[in-house]
Amino acid sequence: MNRYYSNNQEITVSLIPRTERAAFLITPTSYGKSVLGAPLLYFPAQVESNSRGLILAGTHGDETASIAGLSCALRSLPAECLKHDVILSMNPDANQLGTRANANQVDLNRAFPTQNWTEHGTVYRWSSHTPVRDVKVKTGDKEQLEPEVDALISLIELRRPKFVVSFHEPLAFVDDPAHSDLAKWLGKQFNLPIVDDVDYETPGSFGTWCNERQLPCITVELPPISADLTIEKHLDAFIALLQHDPDL
């Protein structure tokens, strides 16, 4: 049994028994292919709703806790309760290779065709304890998008979500300059503070691309956490998100 609050109403849902959670009850749909030819998959919402959103993880292949958390939530929730489209990973090649960037060494979260996109590459932090961000990766080509980026844009244009929640690690906050009700709800569910930005430049980011199109995008940064502990601590929050009906 899962209980949570949505728009100040208590919602109770009978979950799939744990013994039956190995398989997905919803068949994913392909929306493209990665650089190495892996299918890009999304799980379509099963509830007709004017507030259907997109829940996204796996932009960086080495950020796996939210992928596991979302997957377990999908397999725990009865299919007919899924209110939002879900992408467990938009970067499957990097998941397989254990890298942040895709198979072309492009950071997908710096490769969206935004006004502030730069061709000069970017850097990231090797680990949470590394004092500087100095590992070099590419930012792609604004005129010839990475297949993972191009496919996601096409899917959003097709499905027209009302909002996006994008999961990352390991900064431990909810990033939403608007401090929206949805961001506050997410902060409460995942026990994370809300911030205005990540405190460094992010040219070509997915969030910027969404903002330029007036598509609300909230980034949830989980703390440095294992997949196992994510499931233990945050499964209820992921399950609640998949059913949440935000007041947009």
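Here the Cβ of each residue, glycine as well, is placed from N, Cα and C on the backbone.
What Swiss-Prot lists as active site, proton donor/acceptor is Glu221, and the listing cites sequence analysis. The Zn(2+) binding site feature in Swiss-Prot is assigned to His60, Glu63, His168; the stated evidence is experimental evidence. Annotation comment: Swiss-Prot describes 3-245 as domain 'Peptidase M14', evidence class sequence analysis.
Under 8 Å, Cβ to Cβ, and six or more positions away along its own chain, Glu63 (Zn(2+) binding site) finds Ala57, Arg100, Phe167, His168, Glu169, Pro170.
Around the Cβ of His60 (Zn(2+) binding site), the number of neighbouring Cβ atoms within 10 Å comes to 23. Straight-line distance linking the Cα atoms of Glu221 (active site, proton donor/acceptor) and His60 (Zn(2+) binding site), rounded to a whole number, equals 12 Å. The average pLDDT the prediction assigns to the domain 'Peptidase M14' (3-245) is 93.
Every protein chain considered, the tally of other Cβ atoms within 10 Å of the Cβ of His168 (Zn(2+) binding site) stands at 21. There are 20 other CB atoms within 10 A of the CB of the residue listed as 'active site, proton donor/acceptor', with all protein chains counted. Neighbouring residues of the recorded Zn(2+) site, listed in sequence order and excluding His60, Glu63, His168, comprise Ala57, Gly58, Thr59, Asp62, Ser66, Arg100, Asn109, Phe167, Glu169 (Cβ within 8 Å of the Cβ centroid).
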